[in-house]
Ligand code: ATP
Ligand code: MG
Ligand code: MG
């Protein structure tokens with residue numbers, strides 16, 4: 001498979017500030033956010049004209065799942081479009097809340113943990129061929145994913161438990177299993193629930209639960225780009241040696257706590273390796289693979305360069321090498337400067353507040369966005385492509401068809417249902433259209449359905 005379908009799901013943290021006003025629960029805030037969505041979509045679980053899914057599951061974390069993308073920059077634009085959609089929801093939700101006499105502001109955070117110790121996720125979805133042996137895949141993938149936080153962690157001022165400090169990852173402390181079919185109760189690294197959202201005879205979906213949500217576009221590029229490359233290496237049947245970890249869950253926590261990357265983790269074979277060595281191992285194999293087989297997309301060299309630079313930065317402790325590119329390093333620079341300027345310890349609540357505000361999606365308040373505007377964070381996509389992704393689906397996957405369907409339905413006020421595989425008009429007798437191949441961009445039955453909605 002040369003092109004791969006990839007999608008990212010992001011759950012957002014929610015808060016309401018209420019100076020002089022009664023405070024409302026996150027559930028109530030979420031209801032205000034989704035009121036306009038329910039009005040036009042008749043549900044708090046809808047698909048948008050860009051092919052994405054916007055929904056409110058149990059609890060109060062609004063979620064945005066990008067449409068199926070087959071291009072890295074397109075994926076980053078679609079994910080950032082999700083932030084933009086959430087900002088629009090905030091604007092409308094706040095207005096409705098104020099009309100009801102509840103003052104204050106609504107906050108959404110693209111992070112993975114709240115002050116009460118709850119965690120919420122950012123899932124990555126990679127389509128893989130069915131014929132790939134899943135147990136071999138996960139055996140090789142887990143050591144990569146456990147150590148991947150070095151190159152793409154969001155950074156965390158972690159004051160819980162022993163070994164407080166600035167850590168690589170937000171999610172590391174909230175992962176409880178290697179592979180499992182549950183996402184919430186036992187929270188695995190890879191979810192094995194076999195739901196491919198595609199022709200199950202040909203495809204499978206690797207559902208990665210372990211990642212942090214990223215603010216930085218370059219970190220996002222590296223996270224997904226490197227994971228896709230490692231997958232390609234595994235798919236090629238390469239013999240990679242045995243890196244099986246003795247205890248992935250203990251390792252992921254230990255690695256998160258050691259910014260030198262030198263923490264040794266025990267392999268099942270009895271050997272020990274450091275997180276840096278494991279990442280170097282994958283980088284070397286992937287580099288050799290690309291030299292032999294060529295780059296399969298235009299950004300491979302940028303991914304490899306970023307990957308190597310991130311590992312060099314950790315090895316030499318010269319974080320200046322990645323201070324504009326990798327979330328945890330961008331955030332560390334910010335918190336270090338703030339602590340120095342205000343003579344604060346890491347344990348100060350004001351430092352924790354900086355960590356949180358880094359993830360605020362507001363363009364005015366959010367510290368990551370402020371840094372980006374000042375040129376202190378490198379970008380990968382243009383604001384125009386993000387703007388376009390808010391309404392337009394990727395044109396090279398079935399998301400294009402879904403997007404056209406939703407657009408027609410909204411323009412003509414029709415009651416429809418969609419999911420990743422199906423399109424249906426509820427108020428008509430017509431059959432449900434099934435799109436089993438995520439790479440299709442034209443489908444006769446879907447065109448007929450869309451034309452019928454448009455009355456052409
Ligand atoms: P949960 O929310 O419980 O994790 P889920 O993973 O099935 O369930 P969604 O939130 O609906 O849930 O997100 C699915 C993601 O998978 C989307 O980002 C979508 O683009 C992506 N996706 C859709 N089809 C495929 C496919 N065939 N292969 C890989 N990813 C896919
Ligand atoms: Mg989801
Ligand atoms: Mg998911």
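Quick reminder: no glycine exception, Cβ is built from N, Cα and C everywhere.
Unlike curated entries, TrEMBL annotations are predicted automatically.
Residues or ranges marked as Mg(2+) binding site by TrEMBL: 9, 55, 63. Taking Cβ-Cβ distances under 8 Å and a sequence gap of 6 or more within the same chain, the neighbours of residue 9 (Mg(2+) binding site) are 63, 64, 65, 66, 121, 122, 123, 125.
Sequence-distant contacts (6 or more apart, same chain, Cβ under 8 Å) of residue 420 (ATP binding site) comprise 53, 68, 197, 198. According to TrEMBL, the ATP binding site annotation covers 53, 66, 420.
For 57, the entry in TrEMBL reads active site, proton acceptor. Following the DSSP three-state reduction, the secondary structure of residue 57 (active site, proton acceptor) is coil. Within the same chain, the residues at least 6 positions away from residue 57 (active site, proton acceptor) whose Cβ sits under 8 Å from its Cβ are 63, listed in sequence order.
In sequence order, 7, 9, 47, 51, 52, 65, 67, 68, 399 are the same-chain residues whose CB sits within 8 A of the CB centroid of 53, 66, 420, the residues recorded for ATP being left out.
Proximity of the recorded positions 55, 57, 66 to ligand 1, judged by a Cβ distance under 6 angstroms to any of its atoms, singles out 66 in sequence order. Taken residue by residue with DSSP, residue 66 (ATP binding site) is part of neither helix nor strand, so it is coil. Residue annotation for ATP gives 53, 66, 420. The furthest Cα pair among them is separated by 11 Å. Among the recorded positions 9, 55, 57, 63, residues whose Cβ is positioned under 6 Å from ligand 3 are identified as 9. Neighbour count (other Cβ atoms within 10 Å of the Cβ, all protein chains): 20 for residue 53 (ATP binding site). The Mg(2+) site is set by 9, 55, 63; from the centre of their CB atoms, other residues of the chain with a CB within 8 Å are 10, 11, 53, 54, 57, 62, 64, 65.
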